[in-house]
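The following feature annotations were taken from TrEMBL:
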- 100-123: transmembrane segment (TRANSMEM)
- 190-212: transmembrane segment (TRANSMEM)
- 224-243: transmembrane segment (TRANSMEM)
- 336-355: transmembrane segment (TRANSMEM)
- 370-390: transmembrane segment (TRANSMEM)
- 410-431: transmembrane segment (TRANSMEM)
- 451-472: transmembrane segment (TRANSMEM)
- 538-557: transmembrane segment (TRANSMEM)
Amino acid sequence: MAVEESVADDYTQDGTVDLKGNPVRRSKRGAWKACSFIIVYEVLERMAFCGISSNLVIYLTTSLHQGIVNASNHVTNWVGVAWMTPVLGAYVADAYLGRFWTFIITSVVYLMGMSLLTMAVSLSMQKPPSCAQPTTGHCDKPSTLQLDLYFGALYIIAIGIGGTKPNISTIGAGQFDDFHPKEKNQKVSFFNWWMFSIFFGAFFANIILVYIQDNIGWTLGYGLPTAGLAIATAIFVAGIPFYRHKVPAGSPFTRMAKVIVAAINNRKLPLPREAKELYEWDLEEYTKKKKFRMEPTPTLSFLNKASIQTGSTHSWRLSTITEVEETKQMIRMIPILFATFVPSIMLAQVNTLFIKQGTTLDKKFSNFSIPPASLIAFVNVSLLVSVVLYDRIFVKIMRKFTKNPRGITLLQRMGTGIVIHALIMFVSSLVERRRLAVAREHGVVESGDQVPLSIFILLPQFILMGIANVFMEVSKVEFFYNQAPESMKSLGASYSSTSIGIGNFLSSVLLKLVSDISSHHGGKGWIINNLNASHLDYYYAFFAILNCLNFIFFLIVSKYYVYKAELSNSIELLTESNNPH
């Protein structure tokens, strides 16, 4: 009898199954054993992605002869699409294929795009003639065919990312059972180490791959990340025997639409005084179907009308309380999502204007010439160091004061990140003022020649960006995953990628808008191809003000945000495990 109870206790309680739909035992599948394959995959995949994105603005300006504004907007538009397609990928995963099969299929698409991109930079017929001074505007432009192949490959990659990005993180987080105190505790650290793996891969790309691209050639510089992605996919496949899987719960958009339509249909009906009079399944029904039941909340009470029992059982006229609460939860997160757009705009500057600043400075270090895009490695180093310090020291100290297993709340962590982003732009503006002053002193404003100032003057803004990512990006991923309903985890995870995507689109809009407005009436403009004659200091100061305004907005929306109620007593178990008697 004791043996049977032990075996029963070993089965996961969160509804996870194997690929055949059978219940799984925690001793055989999941937890860190499964996540080791996933984290190694993420290191290599991020190496591949950053091997392309980090130096993309350099390739566009030097090899495809595009101007700074045009090239920067191409970068942010592509990155924007790459981070927006995960919404579609999450929808397909949650509604139809499941996370695992969506990931597998789009991994093939991703690898195909990388292969085509490598071919585009390798074939001489796919590149325009070289040009000594591509920023002068007097170089031969690439043909339509050359542009179509290169950008076509980029956007195939974006489609592949759309299916892999929202699902790999949720597959990883899904390896931990929320109803098991030890695994719940491990899950708290998962997102920190997940981000660690992301930036470890990015660090390698920004140090090694960028150097190869600038000094050896684009063929090898793109071929290596393509090979890395192939190896990453093989490693993920090797871990299949150890993964736990979630069964697709149906289209989250359809369920949300049904709740809204039902609430509108019942808008004239009064809400009953007792929540128990609203429509809901018995707890046994949820247990039988291995689904999570949610209790009614007073916020967004209009939607509660979707659960008023009118005699109709049609799904578009009657929703369960749990379906209503799931819809509420996704809606509640939208104001917080809006508050993350501005930090995502700041993040977009790293791969564009920050790098182009570096091209104007002295890149010599001892006997080496530092590729400007390699400065992004300092973002990675800063993040890698900061995430360890945060997880191992800061959280432990703050737990003693707040009694919160995370040290501080996710929203407090995000708010701190917004403040750091404002500081980054203030520092960047001051550094740029110094660069322009030296350019004037040495008479290189009009010529656009190199400014006799070390490229390392840009380090503060890159290092601070890494620290900001520990607070904003890590907590953003965890917040949207953690706060999403169990049946909408992939969609919740896609909120964080949507934030980055929209931030990149907004960066394109702002760059074009500011460039056009500042050059109105015959002015030179704040951002022109010759950065020595530009005014990026004004642009960065504008961003600093924008961050301050966004912080005020964030304080307002976070004040009224209601955290999702825990679906089990696991948070109490977690607290006890961190504070043993």
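A Cβ is built for glycine as well, from the same backbone N, Cα and C atoms used for every other residue.
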Taking pairs 6 or more apart in sequence, does the count of Cβ pairs under 8 Å between the transmembrane segment (370-390) and the transmembrane segment (336-355) hit 3 or more?
yes
Same-chain Cβ contacts of the transmembrane segment (538-557) under 8 Å, 6 or more residues past its ends?
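Tertiary neighbours of the transmembrane segment (538-557) are 335-336, 338-339, 341-343, 345-346, 349, 353, 414-415, 418-419, 421-422, 425-426, 428-429, 432, 514, 518, 526-527.
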Taking 100-123, 190-212, 224-243, 410-431, 451-472 as candidates, which has the most Cβ pairs under 8 Å with the transmembrane segment (336-355)?
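By Cβ pairs under 8 Å, 410-431 leads among 100-123, 190-212, 224-243, 410-431, 451-472.
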Who are the long-range neighbours of the transmembrane segment (100-123) in its own chain, taking Cβ under 8 Å and residues 6 or more past its ends?
19, 48, 52, 59, 63, 89, 92-93, 146, 149-150, 152-164, 167-168, 171, 218-219, 221-223, 225-226, 229-230, 233, 236-237, 243, 245
May I ask for the residues of the chain that lie six or more residues beyond the transmembrane segment (451-472) and have a Cβ under 8 Å from a Cβ within it?
195, 199, 340, 343, 346-347, 350, 354, 357-358, 360-363, 365, 370, 372, 375-376, 378-387, 390, 413-414, 416-418, 420-421, 423-424, 427-428, 431, 434-435, 438-439, 442, 444, 532
